[in-house]
(Lines of atoms letter the chains of each structure in order from A and count residues from 1; the text may use other names and numbers.)
(Lines give C-alpha, C1' and ligand atoms only; values in the text may rest on other atoms or scores of the structure.)
Protein backbone atom coordinates (compact mmCIF):
# COMPACT_ATOMS: atom_id res chain seq x y z
CA UNK A 1 0.00 0.00 0.00
CA UNK A 2 2.89 2.35 0.68
CA UNK A 3 4.54 1.43 -2.56
CA UNK A 4 2.14 3.46 -4.69
CA UNK A 5 1.13 6.52 -2.78
CA UNK A 6 -1.48 8.85 -4.25
CA UNK A 7 -0.06 11.89 -5.92
CA UNK A 8 -0.86 14.21 -3.06
CA UNK A 9 0.67 11.97 -0.45
CA UNK A 10 3.74 11.40 -2.59
CA UNK A 11 4.20 15.14 -2.74
CA UNK A 12 3.93 15.23 1.01
CA UNK A 13 6.54 12.48 1.27
CA UNK A 14 8.91 14.42 -0.90
CA UNK A 15 8.55 17.46 1.33
CA UNK A 16 9.36 15.39 4.37
CA UNK A 17 12.44 13.96 2.74
CA UNK A 18 13.59 17.45 1.74
CA UNK A 19 13.43 18.40 5.37
CA UNK A 20 15.63 15.47 6.33
CA UNK A 21 18.02 16.08 3.46
CA UNK A 22 20.36 17.97 5.73
CA UNK A 23 21.99 14.70 6.75
CA UNK A 24 24.44 13.34 4.22
CA UNK A 25 24.99 9.59 3.98
CA UNK A 26 28.06 7.71 2.87
CA UNK A 27 28.04 4.22 1.46
CA UNK A 28 29.44 2.86 4.72
CA UNK A 29 26.40 4.19 6.65
CA UNK A 30 23.95 2.20 4.56
CA UNK A 31 22.67 -1.31 4.69
CA UNK A 32 20.80 -2.59 1.68
CA UNK A 33 17.70 -4.66 2.36
CA UNK A 34 17.04 -8.27 1.63
CA UNK A 35 16.48 -9.37 -1.97
CA UNK A 36 13.43 -11.54 -2.53
CA UNK A 37 13.69 -15.12 -3.73
CA UNK A 38 12.57 -14.07 -7.19
CA UNK A 39 15.15 -11.30 -7.36
CA UNK A 40 17.91 -13.68 -6.33
CA UNK A 41 16.72 -16.27 -8.83
CA UNK A 42 16.75 -13.71 -11.62
CA UNK A 43 20.30 -12.57 -10.82
CA UNK A 44 21.29 -16.22 -10.80
CA UNK A 45 19.89 -16.64 -14.30
CA UNK A 46 21.42 -13.41 -15.57
CA UNK A 47 24.92 -14.43 -14.63
CA UNK A 48 24.58 -17.99 -15.86
CA UNK A 49 23.10 -17.10 -19.24
CA UNK A 50 25.49 -14.21 -19.83
CA UNK A 51 28.48 -16.35 -19.02
CA UNK A 52 27.32 -19.03 -21.45
CA UNK A 53 26.51 -16.40 -24.07
CA UNK A 54 29.92 -14.80 -23.86
CA UNK A 55 31.57 -18.20 -23.95
CA UNK A 56 29.63 -18.86 -27.17
CA UNK A 57 30.42 -15.48 -28.71
CA UNK A 58 34.08 -15.88 -27.86
CA UNK A 59 34.25 -19.26 -29.59
CA UNK A 60 32.27 -18.09 -32.63
CA UNK A 61 34.84 -15.34 -33.26
CA UNK A 62 37.62 -17.76 -32.52
CA UNK A 63 36.36 -20.15 -35.21
CA UNK A 64 35.74 -17.33 -37.69
CA UNK A 65 39.24 -16.05 -37.10
CA UNK A 66 40.80 -19.45 -37.70
CA UNK A 67 38.93 -19.90 -40.98
CA UNK A 68 38.99 -16.35 -42.37
CA UNK A 69 42.07 -14.55 -41.03
CA UNK A 70 44.57 -15.96 -43.52
CA UNK A 71 42.21 -16.00 -46.47
CA UNK A 72 41.19 -12.35 -46.11
CA UNK A 73 44.02 -10.41 -44.45
CA UNK A 74 41.98 -7.19 -44.36
CA UNK A 75 39.50 -8.90 -41.98
CA UNK A 76 42.21 -9.97 -39.57
CA UNK A 77 42.32 -6.82 -37.38
CA UNK A 78 38.51 -6.50 -37.46
CA UNK A 79 37.96 -10.05 -36.21
CA UNK A 80 40.81 -9.77 -33.76
CA UNK A 81 39.32 -6.62 -32.25
CA UNK A 82 35.87 -8.19 -31.81
CA UNK A 83 37.34 -11.39 -30.43
CA UNK A 84 39.42 -9.48 -27.86
CA UNK A 85 36.35 -7.65 -26.63
CA UNK A 86 34.44 -10.93 -26.29
CA UNK A 87 37.30 -12.39 -24.29
CA UNK A 88 37.07 -9.49 -21.88
CA UNK A 89 33.29 -10.01 -21.52
CA UNK A 90 33.77 -13.71 -20.95
CA UNK A 91 36.41 -13.33 -18.26
CA UNK A 92 34.28 -10.71 -16.51
CA UNK A 93 31.33 -13.06 -16.28
CA UNK A 94 33.55 -15.97 -15.27
CA UNK A 95 34.76 -13.87 -12.41
CA UNK A 96 31.22 -12.92 -11.43
CA UNK A 97 30.07 -16.53 -11.63
CA UNK A 98 32.79 -17.63 -9.22
CA UNK A 99 32.53 -14.75 -6.78
CA UNK A 100 28.73 -14.58 -6.71
CA UNK A 101 28.55 -18.35 -6.31
CA UNK A 102 26.34 -19.00 -9.31
CA UNK A 103 26.49 -22.44 -10.87
CA UNK A 104 27.68 -22.47 -14.48
CA UNK A 105 25.40 -23.92 -17.13
CA UNK A 106 25.33 -27.70 -17.00
CA UNK A 107 25.41 -27.73 -20.80
CA UNK A 108 28.69 -25.80 -21.11
CA UNK A 109 30.30 -28.55 -23.25
CA UNK A 110 27.35 -28.35 -25.66
CA UNK A 111 27.63 -24.55 -25.92
CA UNK A 112 31.32 -24.93 -26.73
CA UNK A 113 30.74 -27.40 -29.55
CA UNK A 114 27.74 -25.47 -30.89
CA UNK A 115 29.56 -22.14 -30.96
CA UNK A 116 32.66 -23.47 -32.69
CA UNK A 117 30.42 -25.28 -35.18
CA UNK A 118 28.34 -22.20 -35.91
CA UNK A 119 31.37 -19.96 -36.35
CA UNK A 120 33.25 -22.41 -38.54
CA UNK A 121 30.31 -23.40 -40.77
CA UNK A 122 29.23 -19.83 -41.51
CA UNK A 123 32.83 -18.77 -42.14
CA UNK A 124 33.29 -21.71 -44.51
CA UNK A 125 30.21 -20.71 -46.51
CA UNK A 126 31.60 -17.24 -47.20
CA UNK A 127 32.93 -14.20 -45.39
CA UNK A 128 29.56 -12.51 -45.93
CA UNK A 129 27.80 -15.45 -44.27
CA UNK A 130 30.15 -15.15 -41.30
CA UNK A 131 29.23 -11.50 -41.00
CA UNK A 132 25.53 -12.35 -41.30
CA UNK A 133 26.04 -14.79 -38.43
CA UNK A 134 27.54 -11.95 -36.39
CA UNK A 135 24.55 -9.76 -37.24
CA UNK A 136 22.08 -12.39 -36.06
CA UNK A 137 23.94 -13.26 -32.87
CA UNK A 138 24.61 -9.68 -31.85
CA UNK A 139 21.02 -8.65 -32.51
CA UNK A 140 19.74 -11.31 -30.16
CA UNK A 141 22.39 -10.64 -27.53
CA UNK A 142 21.87 -6.86 -27.68
CA UNK A 143 18.13 -7.25 -27.17
CA UNK A 144 18.66 -9.75 -24.40
CA UNK A 145 21.03 -7.42 -22.53
CA UNK A 146 18.51 -4.61 -22.89
CA UNK A 147 15.79 -6.79 -21.44
CA UNK A 148 18.02 -7.66 -18.48
CA UNK A 149 18.82 -4.01 -17.90
CA UNK A 150 15.12 -3.15 -17.89
CA UNK A 151 14.43 -5.75 -15.22
CA UNK A 152 17.46 -4.76 -13.15
CA UNK A 153 16.40 -1.10 -13.30
CA UNK A 154 12.73 -1.62 -12.49
CA UNK A 155 12.46 -4.63 -10.23
CA UNK A 156 15.23 -4.16 -7.68
CA UNK A 157 13.78 -1.48 -5.47
CA UNK A 158 14.84 -2.71 -2.03
CA UNK A 159 14.60 -0.67 1.17
CA UNK A 160 17.79 0.95 2.43
CA UNK A 161 18.50 1.10 6.15
CA UNK A 162 20.86 3.15 8.21
CA UNK A 163 23.45 0.69 9.42
CA UNK A 164 23.61 1.75 13.06
CA UNK A 165 20.01 2.59 13.83
CA UNK A 166 18.24 0.27 11.41
CA UNK A 167 15.96 3.09 10.30
CA UNK A 168 14.63 3.14 6.75
CA UNK A 169 16.15 5.93 4.68
CA UNK A 170 14.06 7.49 1.94
CA UNK A 171 15.67 7.16 -1.47
CA UNK A 172 15.11 10.82 -2.30
CA UNK A 173 17.51 11.88 0.41
CA UNK A 174 20.33 9.87 -1.15
CA UNK A 175 22.57 10.71 -4.05
CA UNK A 176 21.79 8.85 -7.26
CA UNK A 177 24.83 6.60 -6.95
CA UNK A 178 23.84 5.45 -3.47
CA UNK A 179 20.30 4.40 -4.34
CA UNK A 180 21.34 0.94 -5.52
CA UNK A 181 23.91 -1.33 -3.95
CA UNK A 182 27.42 -1.20 -5.50
CA UNK A 183 27.01 -4.83 -6.46
CA UNK A 184 23.92 -4.24 -8.60
CA UNK A 185 25.20 -0.95 -9.98
CA UNK A 186 28.39 -2.60 -11.12
CA UNK A 187 26.49 -5.45 -12.76
CA UNK A 188 24.33 -2.97 -14.66
CA UNK A 189 27.39 -1.03 -15.76
CA UNK A 190 28.99 -4.20 -17.09
CA UNK A 191 25.86 -5.13 -18.99
CA UNK A 192 25.53 -1.64 -20.45
CA UNK A 193 29.13 -1.57 -21.56
CA UNK A 194 28.91 -5.02 -23.08
CA UNK A 195 25.64 -4.29 -24.84
CA UNK A 196 27.21 -1.23 -26.49
CA UNK A 197 30.17 -3.27 -27.65
CA UNK A 198 27.95 -6.02 -29.01
CA UNK A 199 25.99 -3.46 -30.99
CA UNK A 200 29.27 -2.04 -32.26
CA UNK A 201 30.08 -5.53 -33.56
CA UNK A 202 26.67 -5.58 -35.25
CA UNK A 203 27.50 -2.37 -37.08
CA UNK A 204 30.96 -3.62 -38.03
CA UNK A 205 29.40 -6.74 -39.51
CA UNK A 206 26.93 -4.73 -41.59
CA UNK A 207 29.76 -2.49 -42.85
CA UNK A 208 31.54 -5.65 -43.97
CA UNK A 209 28.80 -6.72 -46.37
CA UNK A 210 26.75 -8.95 -44.07
CA UNK A 211 23.65 -8.18 -46.12
CA UNK A 212 25.24 -9.57 -49.27
CA UNK A 213 25.21 -13.04 -47.76
CA UNK A 214 23.08 -15.51 -49.69
CA UNK A 215 20.50 -16.48 -48.42
CA UNK A 216 20.62 -13.64 -45.86
CA UNK A 217 17.14 -13.97 -44.37
CA UNK A 218 17.31 -17.72 -44.00
CA UNK A 219 20.74 -17.57 -42.36
CA UNK A 220 20.02 -14.80 -39.90
CA UNK A 221 16.57 -16.02 -38.92
CA UNK A 222 17.81 -19.57 -38.34
CA UNK A 223 20.70 -18.36 -36.21
CA UNK A 224 18.44 -16.03 -34.25
CA UNK A 225 16.13 -18.94 -33.53
CA UNK A 226 19.08 -21.04 -32.35
CA UNK A 227 20.25 -18.22 -30.10
CA UNK A 228 16.83 -17.79 -28.53
CA UNK A 229 16.69 -21.52 -27.83
CA UNK A 230 20.16 -21.47 -26.31
CA UNK A 231 19.28 -18.49 -24.09
CA UNK A 232 16.11 -20.17 -22.87
CA UNK A 233 18.01 -23.34 -22.01
CA UNK A 234 21.11 -21.74 -20.50
CA UNK A 235 18.97 -19.67 -18.13
CA UNK A 236 17.41 -22.83 -16.75
CA UNK A 237 19.84 -25.71 -17.05
CA UNK B 1 8.66 -38.34 -4.44
CA UNK B 2 10.46 -38.51 -7.75
CA UNK B 3 8.16 -35.89 -9.18
CA UNK B 4 8.87 -33.54 -6.33
CA UNK B 5 12.56 -34.24 -6.63
CA UNK B 6 12.76 -33.28 -10.27
CA UNK B 7 10.54 -30.24 -9.98
CA UNK B 8 12.86 -28.96 -7.23
CA UNK B 9 15.90 -30.38 -8.96
CA UNK B 10 18.38 -27.78 -10.10
CA UNK B 11 16.17 -24.89 -9.02
CA UNK B 12 16.54 -25.70 -5.35
CA UNK B 13 20.30 -25.67 -5.20
CA UNK B 14 22.04 -22.69 -3.73
CA UNK B 15 21.63 -19.41 -5.47
CA UNK B 16 23.35 -16.12 -6.23
CA UNK B 17 25.17 -14.77 -3.18
CA UNK B 18 24.35 -11.08 -2.71
CA UNK B 19 27.24 -9.57 -0.74
CA UNK B 20 25.74 -6.09 -0.59
CA UNK B 21 22.39 -7.39 0.63
CA UNK B 22 23.57 -9.45 3.59
CA UNK B 23 20.10 -10.41 4.79
CA UNK B 24 19.57 -12.40 1.57
CA UNK B 25 22.28 -14.90 2.46
CA UNK B 26 21.17 -16.06 5.90
CA UNK B 27 21.05 -19.84 6.11
CA UNK B 28 18.77 -19.83 9.15
CA UNK B 29 16.71 -16.77 9.99
CA UNK B 30 17.06 -16.53 13.79
CA UNK B 31 14.10 -14.18 14.17
CA UNK B 32 11.57 -16.78 13.04
CA UNK B 33 9.71 -18.47 15.84
CA UNK B 34 10.07 -21.99 14.48
CA UNK B 35 13.83 -21.50 14.20
CA UNK B 36 14.04 -20.25 17.78
CA UNK B 37 12.16 -23.31 18.93
CA UNK B 38 14.25 -25.73 16.88
CA UNK B 39 17.51 -24.12 17.95
CA UNK B 40 16.52 -24.55 21.57
CA UNK B 41 15.54 -28.17 20.86
CA UNK B 42 19.05 -28.89 19.56
CA UNK B 43 20.35 -28.48 23.09
CA UNK B 44 18.51 -31.65 24.14
CA UNK B 45 19.83 -33.90 21.39
CA UNK B 46 22.68 -35.37 23.48
CA UNK B 47 19.97 -36.43 25.93
CA UNK B 48 17.10 -37.63 23.71
CA UNK B 49 18.61 -38.02 20.23
CA UNK B 50 16.87 -36.65 17.14
CA UNK B 51 13.42 -37.24 18.53
CA UNK B 52 10.23 -35.38 19.16
CA UNK B 53 11.03 -35.27 22.87
CA UNK B 54 13.64 -32.56 22.30
CA UNK B 55 10.94 -30.29 20.96
CA UNK B 56 8.61 -31.01 23.88
CA UNK B 57 11.44 -30.23 26.26
CA UNK B 58 12.28 -27.00 24.45
CA UNK B 59 8.65 -25.88 24.57
CA UNK B 60 8.59 -26.57 28.28
CA UNK B 61 11.83 -24.72 28.94
CA UNK B 62 10.86 -21.71 26.85
CA UNK B 63 7.45 -21.66 28.60
CA UNK B 64 5.51 -21.61 25.39
CA UNK B 65 1.98 -23.02 25.27
CA UNK B 66 1.84 -26.59 23.97
CA UNK B 67 -0.14 -25.46 20.95
CA UNK B 68 3.03 -23.81 19.61
CA UNK B 69 3.92 -27.28 18.36
CA UNK B 70 1.56 -26.70 15.44
CA UNK B 71 4.10 -24.28 13.98
CA UNK B 72 6.10 -27.41 13.10
CA UNK B 73 3.43 -30.04 12.63
CA UNK B 74 1.29 -27.86 10.36
CA UNK B 75 4.27 -26.45 8.46
CA UNK B 76 4.12 -26.17 4.73
CA UNK B 77 6.85 -28.72 4.14
CA UNK B 78 4.80 -31.52 5.71
CA UNK B 79 7.85 -33.13 7.28
CA UNK B 80 7.88 -35.07 10.48
CA UNK B 81 9.18 -33.08 13.43
CA UNK B 82 12.17 -35.43 13.65
CA UNK B 83 13.23 -34.63 10.12
CA UNK B 84 12.74 -30.91 10.70
CA UNK B 85 14.99 -31.19 13.72
CA UNK B 86 17.66 -32.98 11.68
CA UNK B 87 17.49 -30.49 8.80
CA UNK B 88 17.68 -27.64 11.26
CA UNK B 89 20.74 -29.23 12.82
CA UNK B 90 22.41 -29.46 9.42
CA UNK B 91 21.59 -25.85 8.58
CA UNK B 92 22.81 -24.41 11.85
CA UNK B 93 26.06 -26.37 11.54
CA UNK B 94 26.50 -25.04 8.03
CA UNK B 95 25.97 -21.57 9.43
CA UNK B 96 28.58 -22.30 12.08
CA UNK B 97 31.06 -23.34 9.39
CA UNK B 98 30.31 -20.08 7.59
CA UNK B 99 31.06 -18.06 10.71
CA UNK B 100 34.27 -20.03 11.16
CA UNK B 101 35.36 -19.03 7.66
CA UNK B 102 34.41 -15.40 8.21
CA UNK B 103 36.17 -15.06 11.55
CA UNK B 104 39.51 -13.35 10.96
CA UNK B 105 41.50 -15.60 13.29
CA UNK B 106 40.45 -18.91 11.82
CA UNK B 107 43.25 -21.32 11.10
CA UNK B 108 41.85 -21.67 7.59
CA UNK B 109 43.40 -18.39 6.48
CA UNK B 110 46.92 -19.71 6.97
CA UNK B 111 46.35 -22.61 4.53
CA UNK B 112 46.86 -21.81 0.87
CA UNK B 113 46.40 -25.09 -0.99
CA UNK B 114 42.83 -25.59 -2.20
CA UNK B 115 42.65 -29.27 -1.28
CA UNK B 116 44.21 -28.78 2.13
CA UNK B 117 41.65 -26.08 2.76
CA UNK B 118 38.89 -28.46 1.71
CA UNK B 119 40.03 -31.16 4.11
CA UNK B 120 40.40 -28.58 6.88
CA UNK B 121 36.81 -27.47 6.28
CA UNK B 122 35.45 -31.02 6.17
CA UNK B 123 37.27 -31.87 9.39
CA UNK B 124 35.98 -28.69 10.97
CA UNK B 125 32.42 -29.54 10.02
CA UNK B 126 32.83 -33.10 11.29
CA UNK B 127 34.15 -31.80 14.61
CA UNK B 128 30.78 -30.16 15.20
CA UNK B 129 29.31 -33.68 15.33
CA UNK B 130 31.38 -34.70 18.36
CA UNK B 131 28.93 -33.56 21.10
CA UNK B 132 26.09 -35.60 19.56
CA UNK B 133 28.10 -38.41 17.99
CA UNK B 134 26.18 -41.15 19.85
CA UNK B 135 22.86 -39.92 18.49
CA UNK B 136 24.01 -39.01 15.00
CA UNK B 137 23.17 -42.30 13.31
CA UNK B 138 19.52 -41.83 14.32
CA UNK B 139 19.50 -38.47 12.58
CA UNK B 140 21.24 -39.80 9.48
CA UNK B 141 18.66 -42.55 9.16
CA UNK B 142 15.99 -39.82 8.96
CA UNK B 143 17.78 -38.40 5.95
CA UNK B 144 18.04 -41.72 4.17
CA UNK B 145 14.29 -42.40 4.05
CA UNK B 146 13.52 -42.29 0.32
CA UNK B 147 10.74 -39.75 0.79
CA UNK B 148 13.18 -37.37 2.47
CA UNK B 149 16.01 -37.90 0.03
CA UNK B 150 15.42 -34.79 -2.05
CA UNK B 151 15.74 -32.57 0.99
CA UNK B 152 18.77 -34.29 2.42
CA UNK B 153 20.49 -34.22 -0.96
CA UNK B 154 19.78 -30.51 -1.25
CA UNK B 155 21.34 -29.86 2.14
CA UNK B 156 24.30 -32.07 1.27
CA UNK B 157 24.76 -30.29 -2.00
CA UNK B 158 24.73 -26.91 -0.25
CA UNK B 159 27.36 -28.13 2.18
CA UNK B 160 29.50 -29.39 -0.70
CA UNK B 161 29.16 -26.02 -2.38
CA UNK B 162 30.15 -24.17 0.77
CA UNK B 163 33.22 -26.35 1.18
CA UNK B 164 34.26 -25.98 -2.44
CA UNK B 165 33.72 -22.23 -2.47
CA UNK B 166 35.52 -21.53 0.79
CA UNK B 167 38.35 -23.82 -0.24
CA UNK B 168 38.86 -21.44 -3.17
CA UNK B 169 37.43 -23.34 -6.12
CA UNK B 170 37.28 -21.20 -9.27
CA UNK B 171 36.04 -23.66 -11.86
CA UNK B 172 33.78 -22.25 -14.54
CA UNK B 173 32.56 -25.30 -16.43
CA UNK B 174 31.65 -28.91 -15.81
CA UNK B 175 34.46 -29.24 -13.25
CA UNK B 176 32.29 -27.09 -10.99
CA UNK B 177 29.76 -29.91 -10.71
CA UNK B 178 32.36 -32.66 -10.48
CA UNK B 179 34.13 -30.95 -7.61
CA UNK B 180 30.99 -30.41 -5.56
CA UNK B 181 29.83 -33.93 -6.17
CA UNK B 182 33.12 -35.46 -5.09
CA UNK B 183 33.45 -33.24 -2.01
CA UNK B 184 29.90 -34.14 -0.97
CA UNK B 185 30.71 -37.82 -1.36
CA UNK B 186 33.83 -37.41 0.74
CA UNK B 187 31.77 -35.70 3.40
CA UNK B 188 29.11 -38.40 3.52
CA UNK B 189 31.55 -41.28 3.63
CA UNK B 190 33.65 -39.54 6.29
CA UNK B 191 30.60 -38.90 8.41
CA UNK B 192 29.56 -42.54 8.20
CA UNK B 193 33.13 -43.52 9.06
CA UNK B 194 33.11 -41.15 12.01
CA UNK B 195 29.99 -42.70 13.51
CA UNK B 196 31.86 -46.02 13.73
CA UNK B 197 35.21 -44.52 14.64
CA UNK B 198 36.40 -45.51 18.12
CA UNK B 199 39.91 -44.00 17.92
CA UNK B 200 40.92 -41.32 20.39
CA UNK B 201 40.04 -37.81 19.26
CA UNK B 202 38.83 -39.26 15.95
CA UNK B 203 42.33 -39.32 14.48
CA UNK B 204 41.33 -42.10 12.07
CA UNK B 205 38.49 -39.99 10.69
CA UNK B 206 40.86 -37.07 10.12
CA UNK B 207 43.26 -39.31 8.25
CA UNK B 208 40.37 -40.78 6.26
CA UNK B 209 39.26 -37.29 5.16
CA UNK B 210 42.76 -36.27 4.15
CA UNK B 211 43.25 -39.43 2.09
CA UNK B 212 39.93 -39.02 0.32
CA UNK B 213 40.53 -35.37 -0.50
CA UNK B 214 43.98 -36.19 -1.83
CA UNK B 215 42.36 -38.71 -4.14
CA UNK B 216 40.16 -35.98 -5.63
CA UNK B 217 43.27 -33.88 -6.19
CA UNK B 218 44.99 -36.75 -8.04
CA UNK B 219 41.89 -37.44 -10.08
CA UNK B 220 41.70 -33.80 -11.14
CA UNK B 221 45.36 -33.82 -12.14
CA UNK B 222 44.89 -37.01 -14.14
CA UNK B 223 41.97 -35.48 -15.99
CA UNK B 224 43.95 -32.37 -16.84
CA UNK B 225 46.89 -34.40 -18.06
CA UNK B 226 44.68 -36.48 -20.34
CA UNK B 227 43.00 -33.34 -21.67
CA UNK B 228 46.33 -31.70 -22.48
CA UNK B 229 47.64 -34.85 -24.08
CA UNK B 230 44.52 -35.16 -26.26
CA UNK B 231 44.67 -31.50 -27.28
CA UNK B 232 48.34 -31.76 -28.18
CA UNK B 233 47.72 -34.86 -30.26
CA UNK B 234 44.75 -33.32 -32.03
CA UNK B 235 46.87 -30.35 -33.10
CA UNK B 236 49.80 -32.46 -34.22
CA UNK B 237 47.48 -34.78 -36.15
CA UNK B 238 45.96 -31.75 -37.87
CA UNK B 239 49.42 -30.41 -38.74
CA UNK B 240 50.53 -33.79 -40.01
CA UNK B 241 47.56 -34.01 -42.37
CA UNK B 242 48.11 -30.43 -43.45
CA UNK B 243 51.78 -31.06 -44.24
CA UNK B 244 50.86 -34.07 -46.38
CA UNK B 245 48.05 -32.49 -48.40
CA UNK B 246 49.51 -29.04 -49.03
CA UNK B 247 51.13 -28.51 -52.37
CA UNK B 248 54.43 -26.77 -52.66
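Glycine is treated like the rest: Cβ placed from N, Cα and C.
Just so you know, TrEMBL annotations are computer predictions that nobody has curated.
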Record-annotated Fe cation 2 site (TrEMBL): member among A:86, A:235 besides A:138, A:198, A:201:
A:86
If I go by TrEMBL, which of A:54, A:128, A:147, A:162 binds Fe cation 1 at the same site as A:86, A:89, A:198?
A:54
Whole-number Å only: compute the distance from the Cα of residue A:86 (Fe cation 1 binding site) to the Cα of residue A:138 (Fe cation 2 binding site).
11
At a 10 Å cut-off from the C-beta of residue A:198 (Fe cation 1 binding site), count the other C-beta atoms across all protein chains.
26
Spatial neighbours, same chain, of residue A:201 (Fe cation 2 binding site) - Cβ under 8 Å, 6+ residues apart:
A:82, A:85, A:134, A:138
In the same chain, which residues outside the set A:86, A:138, A:198, A:201 have their CB within 8 A of the centroid of the CB atoms that define the Fe cation 2 site?
A:57, A:82, A:85, A:134, A:137, A:141, A:142, A:197, A:199, A:200, A:202
Which residues does residue A:89 (Fe cation 1 binding site) neighbour through Cβ under 8 Å, counting only same-chain ones at least six apart?
A:54, A:57, A:58, A:194, A:197
